[in-house]
Amino acid sequence: MAQGNNYGQTSNGVADESPNMLVYRKMEDVIARMQDEKNGIPIRTVKSFLSKIPSVFSGSDIVQWLIKNLTIEDPVEALHLGTLMAAHGYFFPISDHVLTLKDDGTFYRFQTPYFWPSNCWEPENTDYAVYLCKRTMQNKARLELADYEAESLARLQRAFARKWEFIFMQAEAQAKVDKKRDKIERKILDSQERAFWDVHRPVPGCVNTTEVDIKKSSRMRNPHKTRKSVYGLQNDIRSHSPTHTPTPETKPPTEDELHQQIKYWQIQLDRHRLKMSKVADSLLSYTEQYVEYDPFLVPPDPSNPWLSDDTTFWELEASKEPSQQRVKRWGFGMDEALKDPVGREQFLKFLESEFSSENLRFWLAVEDLKRRPIREVPSRVQEIWQEFLAPGAPSAINLDSKSYDKTTQNVKEPGRYTFEDAQEHIYKLMKSDSYPRFIRSSAYQELLQAKRKGKTLTSKRLTSLVQSY
């Protein structure tokens, strides 16, 4: 891989302003000490069957060096620190795409400074396409594409279909240059290039350490980035990014703006906030309330007829009678009763028995209006107005003056949300008055008790049937 004359250099001073640069510098100081000839990690060439593995060291060597030279007492801490450095690509396993450190005999190799993250690499997809394409031209077992790399290559080939010929030519030229290198040098450079892309295009499921925290990025003195091509590709084949203009100088806020800021922060201070303990208690109570309705946690009653021989579920559906769990759920809140068709029907029957069903019928009519085709909306708005809100309406509802005036204005330009304010007002009235009366009513209690009795009778019949056999 051609490294050119900018070996280990940064572009346009971006490196000094990168939010991660402090971390990079600390890691590179440790790497420099690791590579010291006298006190560093011993690098050796290992003889394998019919081949040699040059310039490697083991994972246990790294852990022992960190414990000895960085005054680390816990081996787990040393392993964690080494894994972080490996994830940033400063050293890498020679036979694995996952950049992690293992405290064993796994072989590792140092990355060349040209590929260090402190050089502020931001490689393009075209660079990655050249690299993958070049790998397919080299008939080496160690250079075969992994599954995720093959998928990436196919995706890039579709994305850059018009300029794929040029990308192929670039890859072919790079492959010819690599063939002219010494065998050992080529093996080392291939592994270092692979490790570079494992950092910038990591294995699915691995963390991308090159991503910049948005909070850190906002504190940069110069927020614009300069993209840098790995292979020196020309602008005509690179993806065009928007030109970043210098940030304009900020002006001191005016008196009006300061007043607006003060008003905003006063509103924020007056906002109602819940303590985390209250939120946790609320979440726990919600979970305990709905746990029996989660089939992953509690077996459903009645059981799924497709998984068992019990046909009770089908019998209940055929009889149109709700199960005990279904009836019990209506008591959790008015939303539960309204979103269940049978619950709405029972709620409406109860209100009709008390001659106060107009509120619920209005609420249901507005819900139906929201789902109507747009051509039917104006006529349906007039029907709802004449039935519930017009002077002398047959089913007049009780609205406050503010909601009525706003609805009157909305009717002049009918739409799906003409009655939004009126519906919200009626919903609050039902939630505070009609719904509690329905839950306390004998109709709901009888329905709930009937389900329990039915369940008891069914269990008794099953018991007697089993005993008879």
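Even glycines carry a Cβ here, placed using N, Cα and C.
Per Swiss-Prot, the feature domain 'DEP' maps to 37-112.
The phosphoserine annotation in Swiss-Prot covers S229 (among others).
Swiss-Prot lists 236-255 with the feature region 'Disordered'.
What Swiss-Prot lists as phosphoserine is S241 (among others).
Taken from Swiss-Prot, the feature phosphothreonine covers T243.
Annotated domain 'G protein gamma' per Swiss-Prot: 255-316, in sequence order.
Mapped onto DSSP classes, the domain 'RGS' (333-448) shows 87 helix, 0 strand, 29 coil. The domain 'RGS' annotation in Swiss-Prot covers 333-448.
The phosphoserine annotation in Swiss-Prot covers S434 (among others). The number of other CB atoms found within 10 A of the CB of S434 (phosphoserine), across every protein chain shown, is 19.
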Averaging pLDDT over all residues of the domain 'G protein gamma' (255-316) gives 85
Summed over the domain 'G protein gamma' (255-316), the DSSP helix, strand and coil counts are 39 helix, 0 strand, 23 coil
